[in-house]
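Undergrad: My structure is below; once you've seen it, I'll send some questions.
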Amino acid sequence: MSFSDLKLFALSSNKELAERVAQEIGIELGKSSVRQFSDGEIQVNIEESIRGKHVFILQSTSSPVNDNLLEILIMVDALKRASAESVNVVMPYYGYARQDRKARAREPITSKLVANMLEVAGVDRLLTIDLHAAQIQGFFDIPVDHLMGAPLIADYFERRGMVGSDYVVVSPDHGGVTRARKLAEFLKTSIAIIDKRRSVDKMNTSEVMNIIGKVEGKTCILIDDMIDTAGTICHAADALAEAGAVEVYASCTHPVLSGPATDNIQKSAIKKLVVLDTIYLPEERLIDKIEQISIAHLLGDAIVRIHEKRPLSPLFDIEKKI
């Protein structure tokens, strides 16, 4: 299969992932460079012709969030001015997704602002994974392909025989029940829910309140879309252990892991935390309890399907995991 009119570029956030995606597709990464001037301004240079090409930019808006977002916008502008046929952004992790509504008076809806900026810059399509709020897709007037990480996480546990009635998939809050139910369908397990109350005085902290469902004598698998400071997931794991769980595993699509996250995980009842590589983790963050699995095959398949105008629906098939 020839991909002579397909180009994949990497910016600063996920270079290793981009290399693996390019290998999956069977192409070379596009030649570009990013530099930052002493005053903080960013300059992006495209170092090959992309006239008439269908271009994909791979970049997560993880930390440093604002720099990574601005790199995308500048790159899109450069590609449009260089006569790219189409510009598609592959954003494995969509930053600002937690600011998807007005929770209090006079708050912004920043995830909508990000959508507006991407569209105004000239993005033709967005490919992303496990948005914190799925309805963010509705903030866009361009096509949004929203992939799921659950099949990859399910495959990890299934390969280790962690299926059936001895296991229970646990959502750390009410908002993640749909995600937990999906993983439970893959693994043929029951589900449980942690009922927690988040502190209104301190950001990124939460208090575990109650466990809904049977976990005593079971191996529990927690699943969330993202783990930030890891307070929620660690408190949930400790509560499950106190309730009689034999072992507690945890999983998420987006390992933000900011601040004291790795220390919290190390001290918690979590035996293993399984994460995807939507966000690059430096060596000091990859502690023994954390195992990272790659989304390169999933993204490569999705990019090829988009380029060839084939449906992405097979990537969501419960009976046919990635």
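All positions are counted from 1 along the displayed chain.
Glycine is treated like the rest: Cβ placed from N, Cα and C.
Per Swiss-Prot, the feature ATP binding site maps to ASP39, GLY40, GLU41, ARG98, GLN99. Annotation source Swiss-Prot lists Mg(2+) 1 binding site at HIS132. The Mg(2+) 2 binding site annotation in Swiss-Prot covers ASP173 and is backed by sequence analysis. Per Swiss-Prot, active site is recorded for LYS196. Annotated D-ribose 5-phosphate binding site per Swiss-Prot: ARG198, ASP224, ASP228, THR229, ALA230, GLY231, THR232, in sequence order, evidence recorded as sequence analysis.
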Undergrad: Where's the emptiest Cβ shell within 10 Å among the binding-site residues ASP39, ASP228?
TA: ASP39
Undergrad: Taking the Cβ of the residue listed as 'Mg(2+) 2 binding site' as the reference point, list residues of the same chain whose Cβ is under 8 angstroms away and which are at least six residues distant in sequence.
TA: ILE193, ILE194, ASP195, LYS196, THR232
Undergrad: State the three-class DSSP label for GLY231 (D-ribose 5-phosphate binding site), counting H, G and I as helix, E and B as strand, and everything else as coil.
TA: helix
Undergrad: My understanding is the cutoff is Cβ-Cβ under 8 Å with a sequence separation of 6 or more in the same chain; which residues meet that for ASP224 (D-ribose 5-phosphate binding site)?
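TA: When sequence neighbours closer than 6 are ignored, ASP224 (D-ribose 5-phosphate binding site) has SER171, PRO172, GLY176, ARG179, THR232, ILE233, ALA250, SER251, CYS252 within Cβ distance under 8 Å.
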Undergrad: Go through the binding-site residues GLY40, ARG98, ASP228 and tell me which ones have a CA within 10 A of the CA of the residue listed as 'Mg(2+) 1 binding site'.
TA: ARG98
Undergrad: Using a 10 Å cut-off between Cα atoms, which of these binding-site residues sit near THR229 (D-ribose 5-phosphate binding site): ASP39, GLY40, GLN99?
TA: none
Undergrad: Considering only the binding-site residues ASP228, ALA230, GLY231, which residue has the minimal Cα-Cα separation from GLU41 (ATP binding site)?
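TA: That would be ASP228, nearest by Cα distance.
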Undergrad: When the Cα of ASP228 (D-ribose 5-phosphate binding site) is compared with the Cα of each of the binding-site residues ASP39, GLY40, ARG98, GLN99, which one is closest?
TA: ARG98
Undergrad: Within 10 Å of the Cβ of ARG98 (ATP binding site), how many other Cβ atoms can be counted across all chains shown?
TA: 15
Undergrad: Tell me which of the binding-site residues ASP39, GLY40, ARG98, GLN99 ends up closest to GLY231 (D-ribose 5-phosphate binding site) in space, Cα to Cα.
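TA: Among ASP39, GLY40, ARG98, GLN99, ARG98.
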